[in-house]
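Student: Not my notes, these are from Swiss-Prot:
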type     : residues               : note
ACT_SITE : Glu103                 : active site, proton donor
BINDING  : Asn88, Leu89, Glu90    : substrate binding site
BINDING  : His101, Cys128, Cys131 : Zn(2+) binding site
DOMAIN   : 47-167                 : domain 'CMP/dCMP-type deaminase 1'
DOMAIN   : 186-296                : domain 'CMP/dCMP-type deaminase 2'
Amino acid sequence: MQDRFIRSITQLPTPLADALIPLLHQNFAGHIDAQQLAELVQSSQMTEAEVLLALLPIAAALAKPPISEFYVGAIAKGKSGDIYMGANLELPGEALFHSVHAEQSAISHAWLSGESQIVDMIVNASPCGHCRQFMNELVEGGQIKIHLPSQDSHLLSYYLPYAFGPKDLNVQSPLLVKHETEFALDSSDPMVIEALDHAGLSYAPYTQSYAAVVLETADGATYCGRYAENAAFNPSMLPMQMALSNLTRHNRDFGEIRRAVLVESSQGKISLVGATMDALHPVAAIELEHIVVDPV
């Protein structure tokens, strides 16, 4: 079991903890598939809702909040039945707008894993307005059920009435609908090709600034992040922040980053290169490789 879970596992009921420990191996990064979840429910003799709430301390252990020291965990349950953990991330010494919220982390985890819809969001603190707006961008976002400890469950529409969302800007295919944009690039570099593929899957209906970041560690492992825009603009999630959140969930340190690539469209209304460098340079003493590509 990873050291970061030693403290949080003691907060779980013993039967659930005993069933969960084998899953918390060195490669565990917060994903539990539907079959594994069913086995946890059976072994613990708890309801699924009780298990999901009980797992929040495990999700919170994925957090990296050096500024607030406030650990927030979130669990997104997909239509597939799989669950995806996420946690808040703050960049040390940097402006707060670089922060990743736990709900954003969990949703990006699900998105990168190929999930097509989120049906439940379990979180250990009430979602802030930023996260409510971010969730509203998703497929059937208003129908996502929000679960909080010691509170009744409610739909997102309860927390965000009279919501402004994609349809108000004539976007009919919201976040998590699979979007594929083709780009032209002649490269044999696997890391660049990976970034190109993820840029094609990014979500940028408001600026067409399709983009992705891939980070590589010294052992050759890669961690990606895609751009995810929002109808309210400010809650958009930048690809570098998503990639850093992804890396952190996998229990890797910023100091292990040896290479960073940003691929973005030449036809976007904005460029993400400045914001990407702003997030990278405080955590890794490397240069960003910036590649601009043309849509096919």
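Any Cβ shown, glycine's included, is placed from N, Cα and C.
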Student: Measuring Cα to Cα, tell me the gap between Asn88 (substrate binding site) and His101 (Zn(2+) binding site) in whole angstrom.
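Tutor: That comes out at 5 Å between the alpha carbons.
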Student: Counting other Cβ atoms within 10 Å, pick out the least crowded of the recorded positions Glu90, Glu103.
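Tutor: Across Glu90, Glu103, these recorded positions, the one with fewest Cβ atoms within 10 Å is Glu90.
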Student: Reported as an integer number of Å, what is the Cα distance between Cys131 (Zn(2+) binding site) and Glu103 (active site, proton donor)?
Tutor: 6
Student: So, in DSSP terms, is Cys131 (Zn(2+) binding site) helix, strand, or coil?
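Tutor: Note: Cys131 (Zn(2+) binding site) is helical by DSSP.
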Student: Give me the Cα-Cα distance between His101 (Zn(2+) binding site) and Leu89 (substrate binding site), rounded to a whole Å.
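Tutor: Here the two Cα atoms are 7 Å apart.
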Student: Go ahead and report the DSSP secondary structure tallies for the domain 'CMP/dCMP-type deaminase 2' (186-296): helix first, then strand, then coil.
Tutor: 33 helix, 32 strand, 46 coil
Student: How long is the line from the C-alpha of the residue listed as 'active site, proton donor' to the C-alpha of Cys128 (Zn(2+) binding site), rounded to the nearest angstrom?
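Tutor: Cys128 (Zn(2+) binding site) has its Cα 10 Å from the Cα of the residue listed as 'active site, proton donor'.
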Student: When you measure from the Cβ of Cys128 (Zn(2+) binding site), which residues in the chain that are at least 6 apart have a Cβ under 8 Å away?
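Tutor: Cys128 (Zn(2+) binding site) has long-range Cβ partners His101.
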Student: What does DSSP call the residue listed as 'active site, proton donor' in the simple three-state scheme?
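Tutor: It is helical.
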Student: Compute the centroid of the Cβ atoms of His101, Cys128, Cys131, then list the same-chain residues not in that set whose Cβ lies within 8 Å of it, in sequence order, for the Zn(2+) site.
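Tutor: Those within range, site residues removed, are Ala102, Glu103, Gln104, Pro127, Gly129, His130, Arg132, Phe134.
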Student: Using other CB atoms within 10 angstroms as the count, which residue among the binding-site residues Asn88, Leu89, His101, Cys131 scores least?
Tutor: His101
Student: Other residues near the substrate site, CB within 8 A of the CB centroid of Asn88, Leu89, Glu90?
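Tutor: After dropping the recorded site residues, what remains is Ala63, Lys64, Pro65, Ile67, Ser68, Ala87, Leu91, Ser99, Val100, His101, Ser245.
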